[in-house]
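Enquirer: Got these off Swiss-Prot a minute ago, pasting:
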type	residues	note
TRANSMEM	12-32	transmembrane segment
TRANSMEM	70-90	transmembrane segment
TRANSMEM	102-122	transmembrane segment
ACT_SITE	ASP123	active site
TRANSMEM	137-157	transmembrane segment
ACT_SITE	ASP141	active site
Amino acid sequence: MSKPLCSTGLRWLWLVVVVLIIDLGSKYLILQNFALGDTVGLFPSLNLHYARNYGAAFSFLADSGSWQRWFFAGIAIGICVILLVMMYRSKATQKLNNIAYALIIGGALGNLFDRLWHGFVVDMIDFYVGDWHFATFNLADTAICIGAALIVLEGFLPKPTAKEQA
C-alpha cells in the first residue's frame, strides 16, 4: 500500500521549485544584461561577472571536448533520482534532510537546464580578496553547497529517541 505523498519528504518539493525559479531567473538576468566577461562590482570583495562553465565545479574537465556535457548531465539526473527516492522514503518531519535534498535537487536541475539548453553553465558570482579570486559560481552551486553542508550537519546532531519519533 502506498503512503500519502504529504507524509513523505516529497512534501518539500516546493523548495526545489523556489531554488529553480531564483537560479534560472538570476541566470536569465545575467544573459540579458551582460556580455561574456562583463563585471559589475556589488560590494568590496563581491562582483557580478558573467562567465561560462563548460565543465563541473572549478571548471573541472571544461577543456575535454563535448562529451563532459552529457556525462555531467547524466550525473545530475542520477543524483536527482536518488535524492527523490530518499525523500519519498523519509518522513516529512525529517526537515533538515529533506530541505538539504531539495536544495541539492533544485541546484542540480538549474545547472542541468543550463547544460542542456546552452551547452554550458552560466556563472556570475565572483568572490575575491585582494588579487585572489575564488572560482566564479552561481546560485544553483550555492544551493547545492548549502544542501551538502546541511547533510553533514545532520550527521553531527543527536538522533531523536524512539519516543520522539512516534
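Cβ atoms here come from the backbone N, Cα and C positions, even for glycine.
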Enquirer: For the active-site residues listed here (ASP123, ASP141), tell me which residue's CB has the most neighbouring CB atoms inside 10 Å.
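Expert: By the 10 Å Cβ neighbour count, ASP123 comes out on top.
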Enquirer: Would you mind pulling the DSSP three-state label for ASP141 (active site)?
Expert: helix
